[in-house]
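Asks: As annotated in Swiss-Prot:
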TRANSMEM  4-24  transmembrane segment
TRANSMEM  28-48  transmembrane segment
TRANSMEM  65-85  transmembrane segment
TRANSMEM  95-115  transmembrane segment
TRANSMEM  158-178  transmembrane segment
DOMAIN    192-276  domain 'RCK C-terminal 1'
DOMAIN    279-361  domain 'RCK C-terminal 2'
TRANSMEM  371-391  transmembrane segment
TRANSMEM  393-413  transmembrane segment
TRANSMEM  437-457  transmembrane segment
TRANSMEM  464-484  transmembrane segment
TRANSMEM  493-513  transmembrane segment
TRANSMEM  533-553  transmembrane segment
Amino acid sequence: MSDIALTVSVLALVAVVGLWIGNIKVRGVGFGIGGVLFGGIIVGHFVDQAGMTLSSDMLHFIQEFGLILFVYTIGIQVGPGFFASLRVSGLRLNLFAILIVIIGGLVTAILHKIFAIPLPVVLGIFSGAVTNTPALGAGQQILRDLGTPMEAVDQMGMSYAMAYPFGICGILLTMWLMRMIFRVNVEAEAKQHEDTLSNGHSLIQTMNIRVENPNLNNMAIQDVPILNSDKIICSRLKRDETLMVPSPGTIIQSGDLLHLVGQPVDLHNAQLVIGQEVDTSLSTRGTDLRVERVVVTNEKVLGKRIRDLHFKERYDVVISRLNRAGVELVASSDASLQFGDILNLVGRPSSIDAVANVVGNAQQKLQQVQMLPVFIGIGLGVLLGSIPLFVPGFPVALKLGLAGGPLIMALILGRIGSIGKLYWFMPPSANLALRELGIVLFLAVVGLKSGGDFIDTLTQGDGLSWIGYGIFITAIPLITVGLLARIFAKMNYLTLCGMLAGSMTDPPALAFANNLHATSGAAALSYATVYPLVMFLRIITPQLLAVLFWGLG
């Protein structure tokens with residue numbers, strides 16, 4: 001059997017063994033995709049014992065390409081909502097998550113100086129303790145750029161594997177510890193979260209207002225500044241018993257009921273100007289109007305602003321909301337449409353059908369993958385990651401690398417959405433498949449390279465001390481920030497658990513947090529809010545640590 005055939009066969013065996021290990025769960029918690037790392041260690045041990053020779057060039061390519069696939073698909077997935085997560089609504093959560101990353105870096109630096117831990121080893125411990133695989137890849141690349149011998153670079157994978165198990169267990173123990181210390185009632189926390197959302201902290205809400213301001217009588221909607229802004233959408237108007245879709249030229253009269261959509265603060269401002277909020281229903285049931293959601297799939301409308309499509313004037317249809325990558329937005333007239341956007345339409349059935357034809361609404365297109373944008377994005381990401389940034393006093397130029405470059409490019413392209421007929425939307429199933437394939441390939445190679453010396457290091461070398469260092473790097477930031485967030489910020493427990501899981505980019509921890517309450521989405525929401533920024537910081541941190549330690553050492 002040739003080297004290439006043997007290498008592919010061994011990698012397939014690693015994936016099978018590793019995924020089987022990852023599916024083993026204790027009380028609903030397992031290693032998940034991280035099991036591939038331990039499958040690689042097990043198989044790598046026996047490959048080394050048998051004296052098999054694998055293709056080192058092929059292993060290197062597979063490791064790097066797997067990492068690129070993984071970080072690129074993550075960026076495409078979270079890109080549309082990344083910049084929205086940095087708004088004020090998620091600012092507090094992101095600040096606490098950033099604090100966890102900073103404290104983890106400081107603990108790593110202190111351990112490195114006190115115990116003189118070799119640079120590759122301490123970076124591997126850091127990456128494993130925070131359960132972040134792209135950090136491992138970024139650290140290995142910067143070490144190679146610094147001229148570190150390959151044998152030492154491979155040590156990083158071994159120390160990563162030593163610290164990884166407690167990295168997963170540590171976050172779960174922290175959640176349990178917070179629950180015990182503060183005697184948390186999970187049901188009460190879930191109810192508090194729901195009450196917070198209903199009291200105006202969700203992004204988009206609706207309000208029915210009766211026109212009582214005499215100054216607005218017989219004015220056109222377009223002449224009322226609060227109604228002609230991009231912050232408020234008036235999607236329905238009820239006069240006596242007649243429900244209609246208002247256009248910019250619609251004349252409003254005293255006593256009219258307006259159904260407005262917008263953010264809570266903007267709705268409150270509109271209510272102060274227009275009149276009194278009422279409980280009267282403006283439902284389309286029993287009328288000739290209906291509400292329907294359609295999806296943007298027509299390439300001809302991609303990148304066009306809503307105002308330029310003239311849906312109100314041509315079809316008497318209002319877009320009341322726009323959902324982009326799971327984030328509800330006000331459908332402002334300046335918003336540009338992207339592939340996969342979901343539009344909430346209000347109008348007559350025939351008019352809605354006409355608008356649906358204009359925007360596409362072809363569900364089958366959502367399952368198709370454009371491969372050209374994928375490789376354009378990967379190529380641009382690799383180029384971005386290769387651009388050197390020279391910092392005075394640093395021994396080498398900083399680079400985003402093969403982990404950071406594709407991630408940043410994917411975030412940007414995911415936010416842009418489309419350029420001409422190229423769109424970077426990727427069906428969730430396809431995104432997940434490429435992401436899982438990438439991380440399996442990367443971890444399989446890391447495990448194989450670490451497996452030969454893993455047992456000896458654990459039983460006869462420094463393996464146990466590495467595990468101890470990892471426990472400090474995992475536990476100190478999580479417990480410190482967990483206490484601060486709960487005591488001083490009065491953070492909801494379920495939200496706190498999601499934020500802690502997101503700060504470690506740890507899906508098994510998110511699964512555990514979600515299982516704390518069957519119906520609450522608090523943990524998933526906070527996890528998604530901090531995940532994109534934390535992933536970026538986790539990739540950059542080991543590079544900064546490596547350059548600083550190298551310069552100081």
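The chain as shown is numbered from 1 upward.
Note that Cβ sites are derived from N, Cα and C of the backbone, with glycine treated the same way.
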Asks: Out of 4-24, 28-48, 158-178, 393-413, 533-553, which stretch touches the transmembrane segment (464-484) the most, going by CB pairs under 8 Å?
Replies: 158-178
Asks: Sequence-remote contacts (6 or more beyond its ends) of the transmembrane segment (533-553), Cβ cut-off under 8 Å?
Replies: 71, 74, 78, 82, 85-86, 94, 97-98, 100-101, 104-105, 108-109, 112, 119, 122-123, 126-127, 130, 132, 134-136, 138-139, 142-143, 146, 393-396, 398-401, 403-404, 407-408, 411, 502-503, 505
Asks: Can you see whether the transmembrane segment (493-513) and the transmembrane segment (4-24) are touching - at least 3 CB pairs under 8 angstroms, only pairs 6 or more apart in sequence?
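Replies: Not in contact, no.
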Asks: Looking only at the domain 'RCK C-terminal 2' (279-361), what are its DSSP counts of helix, strand and coil residues?
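Replies: The breakdown for the domain 'RCK C-terminal 2' (279-361) reads 23 helix, 27 strand, 33 coil.
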Asks: Short question: which residues 6 or more past the ends of the transmembrane segment (4-24) have a Cβ under 8 Å from it?
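Replies: For the transmembrane segment (4-24), the sequence-distant neighbours (Cβ-Cβ under 8 Å, at least 6 residues beyond its ends) are 30-40, 42-44, 47, 52-55, 58-59, 62, 440-441, 443-445, 447-448.
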Asks: So which of 95-115, 393-413, 437-457 has the most C-beta pairs under 8 Å when paired with the transmembrane segment (28-48)?
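Replies: If we count Cβ pairs closer than 8 Å to the transmembrane segment (28-48), 437-457 scores highest.
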Asks: Please give the average pLDDT for the domain 'RCK C-terminal 2' (279-361) in this predicted model.
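Replies: A mean pLDDT of 86 is what the model gives the domain 'RCK C-terminal 2' (279-361).
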Asks: Between the transmembrane segment (437-457) and the transmembrane segment (95-115), are there at least three Cβ pairs closer than 8 Å, leaving out pairs fewer than 6 positions apart?
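Replies: In this chain the transmembrane segment (437-457) does not contact the transmembrane segment (95-115) - fewer than 3 Cβ pairs sit under 8 Å.
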Asks: With a Cβ cut-off under 8 Å, give me the same-chain residues at least six positions beyond the ends of the transmembrane segment (158-178) that come close to it.
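Replies: 29, 31, 34, 37-38, 41, 120-131, 136, 184, 446-447, 450, 453-454, 457-458, 463, 466-467, 469-471, 473-475, 478-479, 482-483, 486, 493, 496-497, 500-501, 504, 506, 508-509, 512-513, 516.
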